[in-house]
Amino acid sequence: MKFKDLRDFVQQLEQRGELKRIQMPISPVLEMTEICDRTLRAKGPALLFEKPVGFDIPVLGNLFGTPERVAMGMGAEAVSELREIGKLLAFLKEPEPPKGLKDAWSKLPIFRKVIAMAPKVVKDAPCQEIVIEGDDVDLGMLPVQTCWPGDVAPLITWGLTVTKGPNKERQNLGIYRQQVIGRNKIIMRWLSHRGGALDFRDWCAKHPGEPYPVAVALGADPATILGAVTPVPDSLSEYAFAGLLRGSRTELIKCRGSNLQVPASAEIVLEGVIHPGEMADEGPYGDHTGYYNEVDSFPVLTVERITHRIKPIYHSTYTGRPPDEPAILGVALNEVFVPILQKQFPEIVDFYLPPEGCSYRMAVVTIKKQYPGHAKRVMLGVWSFLRQFMYTKFVIVTDDDINARDWNDVIWAITTRMDPKRDTVMIDNTPIDYLDFASPVSGLGSKMGLDVTNKWPGETTREWGRAIVKDEATTRRVDEIWTQLGID
């Protein structure tokens, strides 16, 4: 099923029993987090808080609180269908030359479909039904959550940030958290390697001292939101990818104060500029690690204009120790990653990012091992192939008789197939998540690879153990008489 905007998605979720309207007054300060956290852990519905205390705008929370709703948002009926999206992205990332005329014709519809999904610019849009400018701008109108007791201020969490580099034809979409520090000021927390930060850096180099235009869309359609967090190849824009997911071109409208283009159906849009050199201390905030992050300095966005739909919906979330909504997104997007990795490394059978590992800090990979040292090649490939795994601290590589998603299996393999000295790969001075306070230096730390495969000649001189396998005939016999035994 495809959804034209956030409201259409909300309506369809409600019809399926996947959304609950909360009519009791609930505070955005701590209370919404507590309710959403309990609901997510119970695999419950999305929540629409219709009467946030002190505000007239309803708050939508826990929208992607189950992998199934993430799949729905990407236009799939089941989480398993996300593998097909991954296969499409893998093909678009590295398309293979046609093997012949027939093969070329078979691939043509894919490229036609991609070309046909170029975004469409419109002149009028719901996101500009109401326009607030100048001194009338007040971010205090938005029911921005304060998620945890130690949070320093309200935090915008689902802002889809739109930027454009001076030397680029295409816009960048990114989701960065934004601390509210005044009626028209927010802190743009983007890390130095992220697209928005790179665009801003290039702007400052080419236009020193000039204000940099930025837009933040809140409450875009689900395909556009999820397109911004998916590993889309550089040859494909997030807006075009969202069109592929949705089955229709993404409609955009030019901002009223800049040439940036934002989703026409967004609920709320913040337009503004970053003045080079204007920085502010951001944090502390409770984060997806389960800890409060340290304070650091980031650019300040001055909001010059707020546009929104009539009776807008504010889309929000919280981040904390997994499981949280980003962790659930990680579980679903894991299925997209698998075919992309398999395209580059066909020996990979499965790839798993455990949500309790903050969704990216640990990976378990199962392979069809083909030669000594194979596991080490794969772990190095995982670290280098996709930028999404730049911060993965631990990579465990096992044979394909192990279930990567079963810790009982993985721990058994670690303790029986691995020698700590021989089978551990340590790499120092590598990029590490800025939020990882365990690293000796902010943004720089080490990585560990664990070769948990059965060892081949050349890797060991010892006779390798043979795994115990049950006798099939005996198993069938006991299956037949089991109920008669009366044990259960």
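Just so you know, glycine gets a Cβ as well, placed from its N, Cα and C.
These features come from Swiss-Prot:
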BINDING   Asn172, Glu238  Mn(2+) binding site
BINDING   Ile175, Tyr176, Arg177, Arg189, Trp190, Leu191, Arg194, Gly195  prenylated FMN binding site
ACT_SITE  Asp287  active site, proton donor
Site extent for prenylated FMN (largest Cα pair distance over Ile175, Tyr176, Arg177, Arg189, Trp190, Leu191, Arg194, Gly195, Å): 14
Between Arg177 (prenylated FMN binding site) and Glu238 (Mn(2+) binding site), how far is it from one CA atom to the other, in Å? 19
Conformational class of Trp190 (prenylated FMN binding site) under the three-state DSSP mapping: coil
Whole-number answer please: how many Å between the C-alpha atoms of Trp190 (prenylated FMN binding site) and Asn172 (Mn(2+) binding site)? 13
Near-site residues: prenylated FMN, ref Ile175, Tyr176, Arg177, Arg189, Trp190, Leu191, Arg194, Gly195, CB cutoff 8 A to centroid: Thr161, Gly174, Met188, Gly196, Ala197
Taking only C-alpha atoms and a 10 A limit, tell me which of Asn172, Glu238, Asp287 are near Gly195 (prenylated FMN binding site). These are the recorded positions. Asn172
Work out how many Å separate Ile175 (prenylated FMN binding site) and Asp287 (active site, proton donor) at their Cα atoms, rounded off. 14
List nothing but the one residue from Arg177, Arg189, Arg194 whose Cβ has the fewest other Cβ atoms within 10 Å; the candidates are the binding-site residues. Arg194
List only the single closest residue to Arg189 (prenylated FMN binding site), chosen from the recorded positions Asn172, Glu238, Asp287 by CA-CA distance. Asp287
In chain order, residues whose C-beta lies under 8 angstroms from the C-beta of Asn172 (Mn(2+) binding site), counting only those at least six residues away in the same chain, are Val162, Thr163, Lys164, Gly165, Gly195, Gly196, Asp199, Glu238
